[in-house]
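Trainee: Copied straight from Swiss-Prot:
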ACT_SITE  GLU463  active site, proton donor
ACT_SITE  GLU539  active site, nucleophile
BINDING   ASN104, ASP203, GLU463, GLU539, TYR540, ALA541, HIS542, ASN606, TRP1004  substrate binding site
BINDING   ASP203, PHE603, ASN606  Na(+) binding site
BINDING   GLU418, HIS420, GLU463  Mg(2+) 1 binding site
BINDING   ASN599  Mg(2+) 2 binding site
SITE      HIS359  site 'Transition state stabilizer'
SITE      HIS393  site 'Transition state stabilizer'
Amino acid sequence: MFTASPMSLSKILARRDWENPGVTQWHRLPAHAPFNSWRDEASARADDNASRKRSLNGDWQFSYYAAPEQVPDSWVTEDCADAVTTPVPSNWQMQGFDTPIYTNVTYPIPVNPPFVPAENPTGCYSLTFEVDEQWLESGQTRIVFDGVNSAFYLWCNGKWMGYSQDSRLPAEFDLSAVLRPGTNRLAVLVLRWCDGSYLEDQDMWRMSGIFRDVSLLHKPHTHIADYHAVTELNADYDRAKLQVEVALAGEQFADCEVTVTLWRDGLSVATASAKPGSAIIDERGNWAERLNVTLPVNDPALWSAETPELYRLTFALRDGQGEILDVEACDVGFRCVEISNGLLKVNGKPLLIRGVNRHEHHPENGQVMDEATMRRDIELMKQHNFNAVRCSHYPNHPLWYTLCDRYGLYVVDEANIETHGMVPMSRLADDPRWLPAMSERVTRMVLRDRNHPSIIIWSLGNESGHGANHDALYRWVKTTDPTRPVQYEGGGANTAATDIVCPMYARVDQDQPFEAVPKWSLKKWIGMPDETRPLILCEYAHAMGNSFGGFAKYWQAFRNHPRLQGGFVWDWVDQALTKKDDNGNAFWAYGGDFGDTPNDRQFCLNGLVFPDRTPHPALFEAQRAQQFFNFTLVSTSPLVIDVHSDYLFRQCDNEQLRWNIARDGEVLASGEVALTIAPQQTQRIEIDAPEFAAAAGEIWLNVDIVQTAATAWSPADHRCAWDQWQLPAPLYIAPPVEGTAKPDLKVKEDVLEVSHQSQRWHFDRASGNLTQWWNNGTATLLAPLNDNFTRAPLDNDIGVSEATRIDPNAWVERWKAAGMYNLTPRLLLCEGEQLAQAVTITTLHAWESNGKALFLSRKVWKIDRAGVLHGDVQVQVANDIPQPARIGLSCQLAQTPQTASWLGLGPDENYPDRKLAARQGRWTLPLDALHTAYIFPTDNGLRCDTRELTFDTHQLQGDFHFSLSRYSQQQLRDTSHHHLLEAEPGCWLNIDAFHMGVGGDDSWSPSVSPEFILQRREMRYAFSWRQD
């Protein structure tokens, strides 16, 4: 038995274990499956709270020091005078101590492994707690820390108990030797930096403390020491075997027996008992402390993310008299994971991974995850058609896997290893001195999590190059758990250490021939000689801010090429932290906002959801692209559609198809049809469509699939899929619009004034701009109607460019270098003409920078007898400048409309390369809802393919994109945080005839596909505008 050390704190610290890669722990207990130590089978079967497991979460005492050497020896037995109360779990940076640091690649400390700075912030935690005398007499008492960042020493009642590092896996210690009846005292010294920090260089906030649960666990003297269950299925998946191994510990285990029982809906499905002593292993014998049983199961209910059917497995340890000593339990899902014929399969079916990467992040609590937030994440993922999650880039809170088992998500469980900032990246992976530390991070993860059916892939870590240590760990995992594939992206995504080709940010059709680690196009990669593995992108579609363009292109490739089996979007949640400004107002902060250096600014804002889990518009794009139903318009007369189910295992029995036929948003007919579709089958539906009278407008068939009843992860009437088609309509000839009076032109010294009844337009003769429009005596413009060729840069436009590190290839730098953000108009022509039935104003502008013309814009404005302003605009773009972000017009309107209505794509923000989720229809939204509150302000709020826009007295018609905003493009460009934006008078109207895509294959290189770049050098557009 371990004997607690009487050494003083200073002597223990003098060894500097935190700078020795060969020391990852002292006296930490071996890894095993999670324990609860129930006293009876009924409680274990019901997963009730166990009386032998006691939470130590709550208020602890805390003292903060700049370095561990500053901590007085006396602290191990008594609190320091400056101690304050702090919650556990928490990150101390979120409690007002020290500084959170956000950095992506660059290490937050000087790179000199295994050494860390002498200034090493240190948190000293203490807690007094009570222990019942019966606990001490009846067995062993352990303490379990589920997560401490980055390393810690533990004392109990003044005696040193051990040391541990690896922030993301449990550390468990036996306290039995030093506990006493009544009051006891824990003291935990936590270091911000240790040599393990060189293995934890993930793209995230760097924070410290006891950030996961702490608990006391009581085990009887003889107890279950580990358990492992493996499901085996026959070729027809209608018979199964559950292979179970249990390990025991304690002096009397040889006299004991374990009963293993499989339960389903409260009933025993299979049971078996065995005494310890495995079969003969080798010439030296067997495992005396282990036992194995096999439970046969006929017609098992199979687990998948679609049908998360679970059984409950209990392990009851009894002594020689039949008394229960210890009970453990876990959920079991019968499923088989394999790679065959180049495809990743579950239960014999090739998967299409609809995945997302997820960091454990909470805006107020940092890296502390509560159950409600975990459940909310899963519910949102399921509602938006995700079926998989990658635990990027470390093992998650233990509860996460249980919830994934029960809700149904496929999981990639990833080891807490990333050395992205090393040069070369593989430096530690090829160093045998670091093998023990890397090994523990992989092996302990597998031993903790291997009973979870949701985990279908193990990952050796992230962005650590490729080295011999990876090859060794790959072999260990494959030997220890041959039931799951292993993936690892480092070294080029297709090394011998991965069963899956798992690149990050490879593009559909474009090669990226980087030296040493090329990224081939996806279509090319799967066709390369001797490459037979499935390809699943471990990261793709970088969702940073206003991004996610081209996502539909990936999904077209996934659906057309079976070995392209999907991928994991980067990433789930914006990693912003809540901070208060000088006035006490909360805002979401990113890198640098805490004075943290180094920092990577807003690069932590890559989420599909905001920090509070409000969706970004990109989330709806993912939902539509990934939907589990596909539709085909078979014929229009009769009106017939096919609905195909992409579900592999689930019979559709909770879905209803609801359809309507609408003309310009007005519903002409509607109906609903119950769906009963077997997996991967099709249901044909004939829709009773009425005869359409000739009338203005387009006719659209809209179909939605809704879940009629609530599920574990969605409310009733949740829409899970949709589609629409434009239907042929009778030819309609619109009658001519008859005006009541012709407009009148007056040529004045400074303006061309056009009048029509209660309206007047002023075209400034010096600038050529429409500077004012009076309607019923009210001025409606605050700023003139002007050409608009730029946008407030998106994150994807900026790329990695910074003030101190310019990337000349970034779109924004190319636009700046060309002078496109510094344009000055030169008027070449401004003339008016009175016609018999109308007035025309013709202008020609050269938009110049440094004396060079970049754009020529010719506008012909016509005001007709109905008082409608018609615009006809021709734009020429200089041949030697980069393609512009937009071609359109902008003005500041005097009114601030409450709402806006439009006929076009909506209701949510959409851009030319991100509009799969947008639907043709008539939409009405409040003005504020037309703005997307990205934390880092950029151009936002566009609605594409608009035919009609109405707000206040204004009505525009044509074929254009638009945005309405309280914020000018200049303010959006100049402001660093959304909370600093100030609403401007009136509102800004942007009318775009052409708008470049947002891109999103990645956010550090130009990624807008060629078809969404404004390649043409001559463009023309027209629209009409009237006021009532």
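Our numbering is plain: 1 for the first residue shown, then up by one each step along the chain.
Using the three backbone atoms N, Cα and C, a Cβ is placed for every residue, glycine included.
Computed from a predicted structure; not experimentally measured.
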Trainee: Do you know offhand how many angstrom separate ASP203 (Na(+) binding site) and the residue listed as 'Mg(2+) 2 binding site' by C-alpha?
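Mentor: With distance taken Cα to Cα, the residue listed as 'Mg(2+) 2 binding site' is 11 Å from ASP203 (Na(+) binding site).
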Trainee: May I ask for the distance between GLU539 (active site, nucleophile) and TRP1004 (substrate binding site), taken between their Cα atoms and rounded to an integer number of Å?
Mentor: 14
Trainee: C-alpha of HIS420 (Mg(2+) 1 binding site) to C-alpha of HIS393 (site 'Transition state stabilizer'): distance in Å?
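Mentor: Just about 12 Å between their Cα atoms.
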Trainee: Which recorded positions are spatial neighbours of ASN606 (Na(+) binding site) here, meaning Cα within 10 Å, out of HIS359, HIS542, TRP1004?
Mentor: HIS542
Trainee: Non-local Cβ contacts of HIS542 (substrate binding site) (under 8 Å, 6 or more apart, same chain)?
Mentor: TYR505, TRP570, ASN606, ASN796, GLY1000, ASP1001, ASP1002, SER1003
Trainee: Under DSSP, is PHE603 (Na(+) binding site) part of a helix or a strand, or is it coil?
Mentor: helix
Trainee: Determine, using Cα-Cα distances only, which of these recorded positions is closest to PHE603 (Na(+) binding site): HIS393, TYR540, TRP1004.
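Mentor: Checked the recorded positions HIS393, TYR540, TRP1004; minimum Cα distance to PHE603 (Na(+) binding site) goes to TRP1004.
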Trainee: Using a Cβ-Cβ cut-off under 8 angstroms and a sequence gap of six or more, which residues of the chain neighbour ASN104 (substrate binding site)?
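Mentor: Expected: ASP203, HIS420, ASP600, PHE603, CYS604.
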Trainee: GLU463 (active site, proton donor) to GLU418 (Mg(2+) 1 binding site): how many Å between their Cα atoms?
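Mentor: Computed Cα spacing between GLU463 (active site, proton donor) and GLU418 (Mg(2+) 1 binding site) is 6 Å.
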Trainee: What is the nearest of the binding-site residues GLU418, TYR540, ASN599, TRP1004 to HIS393 (site 'Transition state stabilizer'), using the Cα of each?
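Mentor: Sorting the binding-site residues by distance from HIS393 (site 'Transition state stabilizer'), the top entry is GLU418.
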Trainee: Measure from the CA atom of HIS359 (site 'Transition state stabilizer') to the CA atom of TYR540 (substrate binding site) and give the result in Å, rounded to a whole number.
Mentor: 15
Trainee: Which one is it: of the recorded positions HIS359, ASN599, TRP1004, whose Cα lies the shortest distance from the Cα of GLU418 (Mg(2+) 1 binding site)?
Mentor: HIS359
Trainee: Test of understanding: give the count of other CB atoms lying within 10 angstroms of the CB of HIS420 (Mg(2+) 1 binding site).
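Mentor: I get 19 for this one.
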Trainee: How big is the Cα-to-Cα gap, in Å, between TRP1004 (substrate binding site) and HIS359 (site 'Transition state stabilizer')?
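Mentor: For TRP1004 (substrate binding site) versus HIS359 (site 'Transition state stabilizer'), the Cα atoms are 20 Å apart.
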Trainee: Measuring Cα to Cα, how many angstrom lie between ASN599 (Mg(2+) 2 binding site) and HIS359 (site 'Transition state stabilizer')?
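Mentor: ASN599 (Mg(2+) 2 binding site) to HIS359 (site 'Transition state stabilizer'), Cα-Cα distance: 18 Å.
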Trainee: List, in sequence order, the same-chain residues at least six positions removed whose CB sits under 8 Å from that of HIS359 (site 'Transition state stabilizer')?
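Mentor: Listed in sequence order: MET204, SER392, ASP571, TRP572, VAL573, GLN575.
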Trainee: Let me know the most crowded of the binding-site residues, choosing from TYR540, PHE603, TRP1004 and counting other Cβ atoms within 10 Å.
Mentor: TYR540
Trainee: Please report the three-state DSSP label of GLU463 (active site, proton donor).
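Mentor: For GLU463 (active site, proton donor) - judged by DSSP and reduced to three states - the answer is coil.
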